[in-house]
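Novice: Take this structure first; my questions come after.
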């Protein structure tokens, strides 16, 4: 509170007080301007002085005369005390500087001088109202949680305990004045720090609130927000931004306080501001709610202390006896100072006269401030009610001051005193010294300041108007027409000539008119610039760029509607307007700091856009899909029980994390969302017919079909009419048996079902084309069907609950040469239609083609190296080798310097080595790097001393001089086509040299594996590889390829290339010639794989041209395109072209090669690829494909190299497959039960195994109904325990008999193996099945039996049992003679005759045997199947021969004591020939003819088999580890031979096999071993 004291009429007292007041006047002179100007710019600044108001009462006339007399006395003594005064002033300056600096840094937020009120008070009231609402919501939440709510006043600006803490508001030296202080302090606003303990955000973190109310969300979080890449939420980012703004605000305040004008007698040293600058800085918002100081007395209160932490309050009372032209200034003092220290000013300033200032201050306010002070105060100093009412009117006395510089100029000018006396102006004396008269320039500044209105209108902006730079002027000129030229050089603030026309006596109004005119021009330019249209650069979701012309009044929502409609329309390749259903709601707009822009935000109110425009830059915004910022975990799409099923089928899904994983999950989520309308239910999937693409078999006899009628419980046998369809057959059957008994039912209500299988026969298809019917016809058996009521397609629930709609995905395009102008949705606008994006402010990335320097990588160091890898502590060194590969081609190789670890490093358990060495690949630049290049890295130790890198290159990895430590492959790009930059931590795969075809993923056991740290070179922007589909026009390409080839030599060249097998290689000269003739090669589409191998991938222009050719290449046949998917072809575009060709495959054709397609997923560098999308979509839409897809992936899930990629694909399939996930869970439970039993019986003795196995089977709980994993068309409800047994072999497989849910069906016989790797059997049987289909397409049915086989896990799987069959070993033993029966001729013929009594049946069985024997002779020879003894060959009772147990293939025959046990090309023993009637019989000739025909048919499709084997190199099969293992196929297929030569070759092989005795001898020893 201000303590007021009445004036005294005693002249002595007046003179005393006047001198005392004048003592501080000069030192505080600059403080007046500094503090008040700072207060006008920032409402929260704290005043460092108190200004006691100017009194203009008539009662002070006498005091004025006394003051004049006293001033004359002081003038006489001035010269005597000059030196003393200078010392005192200097001391005051140094001490008060310290006080001022400390007070300025520690000042309180509340106003402590004269009751000044903060201008932000009205903002605090709004904040307090919002906090009251928040307080109520918090209290309700505590009630719901049953918790006690501790109420806290979170309001801003008011102290809750102000009544109890009176000292915080002010104090008084006497008891009589304390009451007034308490009353005023109780309502005084105090800025307080907001307590956030009870806030909504904090409650959410504690888990008490799941969702924040819309009222308390910021504009960014009110809509969808994208999670920050650094795991910082939008709310945290907003909080950080607010803190940053507050910090900048405080910095600006400090800078404003330091801006002062030099008050000096020498006008040349005075800093003169431009009038517009002065008006700009001084025309700030005034504190209209300030509490004024009284006119006669003042109480100064200090709320902070420098030396003590507890503030105390002191009050000093002075009486104003000066005239109306005088100003009394009271400085703030520290409570720890004594009275003498309190009289010192906070900042010492040069002594200068102030009479001109006094005149300017008193003149405009004399009429408004003439009030009686003596009547308004009491002797005790308390204020009256009238005084309280007039506080607001009196608050203007200390509000209008000018900015001045704070300088330490103590010089005086005696001439100023004479000038002041001549002009009859009052001279204020300080300590007996006349003050210096202000200079003319200073008077001009003061004159400008005091002519500003009391409450000038100001714009409510955070920042004052800034001066325009030359760049901004130029920017405005380009936007605004030349109606208002920018003539004012407003950035030249030091030009004093602008003030030369002004004199000290010039009126303020004339000057303000001129300065306002120049300022008006600037302001009008800015206003016009805001209203003028401007451009915004949008970065679209497909990485394309678009320019949109907008206005400042546009909102973000309007921009989004315009840009999205244009984006979807121009990217709709089919022009069918399918994209129209997706609106702007599917997208979000972000600024380039990844902050979401509020939908209702006006562009002129966006700080980001305004800042960019002020800098003359084009604003850049990002358009993203909403799905990209949502959580990629789709667990919310399923019920908890359904999600638990997925967790059981694929454990450990939560451990798969990372940016690429989250991106791939979003990709698969989009894919299943798009496929949702096409997903079929359970019944619909079951009713799908299975038609065979093979020719209809021709039989001489009638085809009989057995049908069971459940209603009448009768079995009927009908003849199949010629070309009769399934619907016609059903109608004939219904009419004959049911039409009379069921008059209200027609044949469409029934359907035929295969007994024992889930195959249905219906539709307008020839009944012989159904796969199940065709197999029965080929095998000569009678099909068994049942007539059932047609199942009604049940309303299956959706497989998942969609969370949002995905907009169409568009091709990524980083091309930025042209942009589409979206001005008013008119793409043909001539304004900015073709915009050059080469401007630096519009660059968002760097093209790899622009970096013209060698590629390099820095090897930092390696950790956790096992000591076992270091053979010799003294001489062994550790080396890192890095090779640059593209496919299987190595471009460059580099080595680090060998590092010998110091001896003390071996004291730890593991070893660490540091290189910090750049490896430069001098032969290839960044600009020529292939996008799919990879680094193959090896870390190994040299067992001998190695001096330099050249010696390392001479070492062979296969020698014993090198010990492998670990290896890994790293792509040079990431999944976004961005070049890797910065540090990369790698976890190596152990104990092997580099494998260029191996995985590119890290070892998941990173805590135990060897670590390697690399550093890739960093650039200022992301470095991207071009992904545009259209070929660059900068390269010369023949757009129209030649229509024919006139040169026979050229034609022969292409025919030779296409005739080569995929395993053969060409010389480099041939590849160069092929690339030279690339424009003609399009006439031979099959040459594409070789053409892609001839591309010089280290030449950027050649790569662009190859991609352009690929875009125009004719589509290949599906099987021909498989070669483009093996490891040799690494380019993504090439592999995507191959997948496009596979779209034409039928269901059965896709199932035939699905195993290979799943395996080549390992060759894909990243999770997301066109192949993975293709397979996932096919699996979702077809349950048969989905079943095989699931188990092919599940069987390799144990491999740590593949677990993440295969696991995410499985997870995505299970989310979309609906009820099929329940069936898969049942199958897995059955397999787990069988695996447990199979492992338990192995350590038991033979006599105990069966009894233990039966007990275990009886204790197991089987699902009520489940489909067999081996064949999902078979359905069972349990195990027939009495018929189950274990087999007498090394791995003890289980022979199991499952029940069939069909009443009249036979049991389902399978062999379950635990401990055998069935992947090789799967591959071999797949090839045999494929050969059988190829032969049947050519009309050759060789009666093969490619039984089913599937691997369900690590060394676990199932095999189908061929019923009514026996091994040739048992057949030979049944004839007697023991092991010698292996040399007998008739045992096999006698066994067939025994089961086919009649002559017709026997001849038919013999013919079947000849056909099947021919087929397996060709198949086993071509595939190089080994370990062929009489226990691996079986014959059915119908004479069908087949092979089992394919543990060796590709020519890997067994050896005994270093000798090959198998020397015959294939198994064809004399007893086989005996069944045919001998070598001279006609049937033997038939056999030879069948073999040669089958062999030539297979040779025509040799490329298919070679490609399928090549695609399986990465599976890890022991006998298929590298491409060299496939060399046997080149010999066995003999593609270079003609059909006649090949026929002669195979005839010779038949006779060679028949004459070789080692086969019979091998059978003999096998008999002995198993006797």
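In case you wondered, yes, glycine gets a Cβ from its N, Cα and C as well.
Computed from a predicted structure; not experimentally measured.
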Novice: Match it up for me: which of 157-195, 196-234 does Swiss-Prot list as region 'Disordered'?
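Specialist: Going through 157-195, 196-234 one by one, Swiss-Prot gives region 'Disordered' for 157-195.
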Novice: Kindly point out the range from 1424-1432, 1433-1441, 1478-1486 that Swiss-Prot annotates with region 'Catalytic loop'.
Specialist: 1424-1432
Novice: In Swiss-Prot, which of 1272-1278, 1279-1285, 1286-1292, 1293-1299 is labelled region 'G-loop'?
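Specialist: The listed stretch tagged region 'G-loop' in Swiss-Prot is 1286-1292.
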Novice: Residues sitting near the region 'G-loop' (1286-1292): Cβ under 8 Å, six or more positions beyond its termini, same chain?
Specialist: 1238, 1241-1242, 1249-1250, 1253, 1311, 1313-1316
Novice: Where else in the chain does the region 'Catalytic loop' (1424-1432) make close Cβ contacts, counting only residues six or more beyond its ends and a cut-off under 8 Å?
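Specialist: Distal contacts: 1324, 1367-1369, 1372, 1382, 1443-1454, 1462, 1466-1467, 1528-1529, 1532, 1559, 1562-1563, 1566-1567, 1570.
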Novice: Can you give me the average pLDDT across the region 'Catalytic loop' (1424-1432), rounded to a whole number?
Specialist: 88
